[in-house]
């Protein structure tokens, strides 16, 4: 709450941060404020601090409906004043010494504070929270059964089947499909017929080519007596987008027919089928209906309530009143449940308030009565609109579980509640209400228009605005109904001109809060909006900058929030983004195995745009915007979003004042005969031009010269710039620089002069190296160079003492500088899809919060624990320089990415190096390659290492005699891995008493039936065999060893022992239960995941090639096997990086 209280908000503007800035100005003795100006500033600070202390607990602390407070005239004045004061402080700081001595920056603001704030706040009271209409609180009764229930039949049948028959879907969650879902249902495919005036074969060819290239189209043909019809057959066709494309590219197109055709789609249906449980059919006792506001949750719940009502002894339909905290009317809700449950069951209703006491006692009395009454009855309980988990917990306690077939249906718009239900109760099935498909949406919208008699005036082809309504509503039933009704009201004004039509439709969008016929839709959206705390409302309102056709890039939006001052830390902002997803305002598409993207429903965006306009928070101008209204607005434009198609010349030709605009976001290519007039934006702090193809090098130079003094965020991702100009050094206050996906090939030396830079993102560029001047960026906490040709990081990165995130993913980097160990605040190091297999041992000094992402996995590798201090204190300074040559931290090895990094001794050795024995006894893990045997004194040293938990022994040549492990030492060891042609090892009684994991990596060699002795490993739980991809698991030496371990596993006292056996790509898990039938035969084993092929290869060490270095006991002749695999790894890594870059 404290962080939120100091942030910029939609209600109080920049009040909190500007007070901090003003205090710093007054405390700075070098600012040369004149006495009069100092007095003005102190007065302003004193008055506004009093206002802030009054507003903070009353507005920021409330989570209810404080919308009236945010729109209050006095609070609006304070909000605007805070922005102007922020500008005034920055204006003063830009002046030179002489100019400051004669300036009077705060005189006018002081007068405003006296006149408009001080005298009015003495008797000001927070406006009373306005309550939503009672119809919103309690939605009793059903809507009239008419054509408005389009698309509900399929949902009803699916839900009835779940309640009556249960589900074989092991996930217990029916996910909402993205908009325009696949149309494969019951083996049917779509047949769509369009009518298009096509005058010649050229236009027909153009139409057929366009249709044939559309996703989901299986066949296309020309039909009709005049050859003016296009017949399309396919599945998952976005018919609305297709007809729009035909109208633009060929001519006015219109639907003639949409129907289903029978096809054999068994193969496709199998691909789309949900994951089934093997032998179970789960009973569903509770259904949680999850969906967006206006998505039809309540409607389908009511339909079910009436359709199934006669099958139950008693039934209840109760709605929860939305509130900022668990409902104060929950006792009333329980009483309502009790009263409804008794209807038709008993002649005389019990008094729900029959118990004595109030508050919790009365609530508990009702819970007990409801539970006792329902215990022996078959019931149907519908609870509509759960807003708080605490509410559901209380209600759930009152509903007893019995075996009489009782069913519970609940609805919610909050993902977090649905997920918790799903996690806490195995009897719950989550049913996400999806969008109406385009055909049903079209039928609903067109039906409303024709029923009103306006259908013949809407027009056909490109003039039919129902197409645009359907496109904008994304299948949301409530929006389709009310927007179509509003369209009927506007129909007389619609004309054929595209721009005029867009303007009229934009008027409908922008009128969600004002047009009377849209009030039911507005009320539904207001419920969710008023449920948000103020800081989330601010972040959500900022999303109104997007057009509904834009996808939201999470990182881009989160960092703009930071630049705007809404949030201070990226981790905090990421959490807020996730909260907006959980509350249903932002929708995530994709999963953990695919690209994720985010979007906000178009109707919700329209609502947010209206709210943003009310607060003068953000002005959005796009195709169809009424520029005259924007120009005549009495309030200054604080934040501006220009969307594709907007004629930016209007900014110059109109009287629109953008001199106080602090944020400019340009989405897409705007209509620009002369370009964006950046000279008009005198106080810009955030400039986002990402993906704007009109921005080139010359524009960037002008931007740096005109906007140099205040810009904190500069987004140039996806533009056509090729070079960052030297004028970049003028951006003295720049904090975030995005130049990814551009054509730049180098960073200028002047980058070092951006002293306040916090985030530098150059991903997907042609940059080959980082300049040495990067060491000057002492405030940098994020450095992202992924997908660039960079092959080496300069040692100067070690000077970036505040760096928290470093991403070198998919680059040519193969080794990190030792200076990385000096980055004490580093939290995330991403080296996935690089040649980096090891970190310098100095990285062990970094905070234990560091997460290393390696290989091709999102799982983090933690650094070894508990040795940093011992390493630092136990090694003399003169010796530390040599440590890098004898020790590193392996983050990927032949066994794949470990969960914890392993200290590794590079190269091959005859014996364990003396430096390891002298200085590194404290290690918790060790990985070493020996030539062909483990000497007795070396084994004794390993056995006596006090902290050793993980040990990896690799043998260059096959040991002549088995290595014997007796019952002495290795008291802490939990994981032991052996890498050898054939594992020649034997465990004696009481060996390695705490060992849980035994892992072998082997190739081929002479077969041996010698016992390994795993029965002597008393704590053993798992044995893993990893066979080299160059050999098969049925090779004699390999299969013989596996057979020995199988037999011993059957005799182990800890049965079952898990055996994992693979041969290169796909892993198969088997458990020994005393029968060899449970263990996969070696000849039938598949291979391990492809990603592991290159991950499991050894690291490349250039340090020792051609340098003649021979460390303690190192063998110079036993490196052939290692060299072969190193060269193979290089080839694999080359292919991998090229693939990543081109994709």
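Every residue, even glycine, has its Cβ placed from backbone N, Cα and C.
If you look up Swiss-Prot, you'll see 1-190 marked as region 'Structured coiled coil (CC) domain', on the strength of similarity to another entry.
For 189-258, the entry in Swiss-Prot reads domain 'HMA'.
Marked as region 'HMA-like domain' by Swiss-Prot: 191-264. For the region 'HMA-like domain' (191-264), the mean pLDDT of the prediction comes to 75.
As annotated by Swiss-Prot, domain 'NB-ARC' applies to 282-570.
Residues or ranges marked as repeat 'LRR 1' by Swiss-Prot: 681-706. Residues 87, 90, 556, 560, 563-564, 639, 658-670, 672, 675, 712-725, 727-728, 730-731, 738 of the same chain lie 6 or more positions beyond the ends of the repeat 'LRR 1' (681-706) yet place their CB under 8 Å from a CB of it.
Per Swiss-Prot, repeat 'LRR 2' is recorded for 708-731.
Feature annotation from Swiss-Prot assigns repeat 'LRR 3' to 732-754. With a cut-off of 8 Å between Cβ atoms, the residues of this chain six or more beyond the repeat 'LRR 3' (732-754) that come close are 556, 559, 562-563, 690, 708-726, 760-771, 773-777, 779, 784.
Annotation source Swiss-Prot lists repeat 'LRR 4' at 756-777. Within the chain, the repeat 'LRR 4' (756-777) has long-range Cβ neighbours (under 8 A, six or more residues past its boundaries) at 559, 712, 717, 732-750, 783-794, 796-797, 799-800, 807.
Listed as Cβ neighbours of the repeat 'LRR 5' (778-800) (distance under 8 Å, sequence separation of 6 or more from its ends, same chain) are residues 570, 735, 740, 755-772, 806-823, 825, 830, 1140-1141. Feature annotation from Swiss-Prot assigns repeat 'LRR 5' to 778-800; the stated evidence is sequence analysis.
Residues or ranges marked as repeat 'LRR 6' by Swiss-Prot on the basis of sequence analysis: 802-823. Proximity of distant same-chain residues to the repeat 'LRR 6' (802-823), defined by a Cβ-Cβ separation under 8 Å and at least 6 residues beyond the stretch ends, is recorded for 763, 778-796, 829-836, 838-846, 853, 884, 1100, 1102, 1137, 1140-1141.
The repeat 'LRR 7' (824-848): residue composition by secondary structure is 5 helix, 6 strand, 14 coil, according to DSSP. If you look up Swiss-Prot, you'll see 824-848 marked as repeat 'LRR 7'.
Positions annotated as repeat 'LRR 8' by Swiss-Prot, on the basis of sequence analysis: 945-968.
Residues annotated as repeat 'LRR 9' in Swiss-Prot: 979-1002. Long-range contacts of the repeat 'LRR 9' (979-1002) within the same chain, counting only residues at least 6 positions beyond its ends with a Cβ under 8 Å from a Cβ of the stretch, are 894-895, 929, 952-955, 957-959, 961-967, 970-973, 1008, 1010-1014, 1016-1028, 1037-1038, 1041, 1096.
Summarising the annotation, Swiss-Prot assigns repeat 'LRR 10' to 1004-1027 and lists sequence analysis as the type of evidence.
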Within the repeat 'LRR 1' (681-706), how many residues are helix, strand or coil going by DSSP?
-> 10 helix, 3 strand, 13 coil
DSSP helix/strand/coil residue counts for the repeat 'LRR 3' (732-754) = 5 helix, 3 strand, 15 coil
Helix, strand and coil totals (DSSP H, G, I; E, B; other) for the repeat 'LRR 10' (1004-1027) | 3 helix, 6 strand, 15 coil
DSSP-assigned states of the repeat 'LRR 9' (979-1002) in counts, ordered helix, strand, coil | 0 helix, 10 strand, 14 coil
